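What follows is a single structure, written as structure tokens, with notes after it.
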Amino acid sequence: MKEELDAFHQIFTTTKEAIERFMAMLTPVIENAEDDHERLYYHHIYEEEEQRLSRLDVLIPLIEKFQDETDEGLFSPSNNAFNRLLQELNLEKFGLHNFIEHVDLALFSFTDEERQTLLKELRKDAYEGYQYVKEKLAEINARFDHDYADPHAHHDEHRDHLADMPSAGSSHEEVQPVAHKKKGFTVGSLIQ
């Protein structure tokens, strides 16, 4: 578990820096938006990433606490602090997924070389981190909770929809439709 924690710490520290760079890029776009739609669109993305920063401010010290821990018995589902760490890690796996999508959206809008270069670098690092976190958390969750089912697993069921990086020149017509698996009953689906 120590090896995974070291990697998680590196990934989320790097992610925090990436979010700050991304937000710094968005700030002048929001301030100089041509219309309300553009301002609200990027402000919404900015606020979501701002919320992630506050979650990372909680997660990173929690990882550090367990990195320094010598009592292996504390790495157990019976330890509430360890359970919280696992919950925060699973939440941030989804946060990484969202960050990649935000960067992908920005890649469509910002076609200048400087921002394209920055965004592609941020995306590459975030995607690699996401893949590692996704894989390791699946292993950790299987190790500690045999009944665990990732509620977001449908995102990656048949193919990782984040794998194909969009380009600034892509058109909406080039996007292949995603086949959705028919879902069963849901809360409220039987209410008439």
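Every residue, even glycine, has its Cβ placed from backbone N, Cα and C.
Sequence annotations record features per position, and here Swiss-Prot assigns Fe(3+) binding site to His44, Glu48, His102. Long-range C-beta contacts of Glu48 (Fe(3+) binding site), restricted to its own chain and to partners at least six residues apart, with a cutoff below 8 Å, comprise Asn98, His102.
Under the heading compositional bias 'Basic and acidic residues', Swiss-Prot lists 149-163.
Residues or ranges marked as region 'Linker' by Swiss-Prot on the basis of a curator's inference: 143-179.
Per Swiss-Prot, the feature region 'Disordered' maps to 149-192.
What Swiss-Prot records for 180-192 is region 'Targeting peptide'.
Counting other Cβ atoms within 10 Å of each Cβ, the lowest count among the binding-site residues His44, His102 belongs to His44.
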